[in-house]
């Protein structure tokens, strides 16, 4: 009970801080043009239409308040990652639209790693018993696979990040239970999610620059789409290479779907 109360206290404090950041905005050019008061708040996008609207608002607002937009974006990203809240893919796309393809990619990789490590620490301090209570079978299966691959643990962690059937939120929550060293955990997230982050950020960069259908077929856009396609092939190639040479992976795909496992 004390652990749950501690977690709720931390969550409430972070939620309140993010609320203040998103509702106490300095008046920007777009807000001033619309004649809106300073109490305007921002929101987490839930679909592409909201994402595009938010991107337009923040890009205009960033002209006069670049540091504030950067702080707000980083805070929102770490909030979602730290508390394992779905929807970080929208923020990756937003990063590409706001900061461009390369700065956006660097920012997302760092924030993903820091946020996931924050989730690791929160789980270690407050959530171990909750995770074990709610997901006993998943924890047991993942524990078994971690022990089987303990001698090549870092490559196994990379595999779990690259493998699309493995839920990242569960890996973040269960890692301290499995005695995964925090340094290996951090760098496996930093490296393993580069392809995923690249695809999302490049998508945001493309969407932010399109003004017509003709722009979709420009050489710059075509090259970006080609780069996305090539990067999308990386996880499968790495999985095939490392799974054949170094890892014991017979049941890993069932971690997120225990009902798919066959009876022994």
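Placement of Cβ uses the backbone N, Cα and C atoms for every residue, glycine included.
Features as listed in Swiss-Prot:
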type     : residues : note
REGION   : 96-207   : region 'VTT domain'
SIGNAL   : 1-17     : signal peptide
TRANSMEM : 67-87    : transmembrane segment
TRANSMEM : 100-122  : transmembrane segment
TRANSMEM : 153-173  : transmembrane segment
TRANSMEM : 175-195  : transmembrane segment
TRANSMEM : 219-239  : transmembrane segment
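When pLDDT values are averaged over the region 'VTT domain' (96-207), the model yields 90. Remote same-chain residues near the signal peptide (1-17) are listed as 75, 79, 82-83, 122, 125-130 (criterion: CB distance under 8 Å, separation of at least six residues from the stretch ends).
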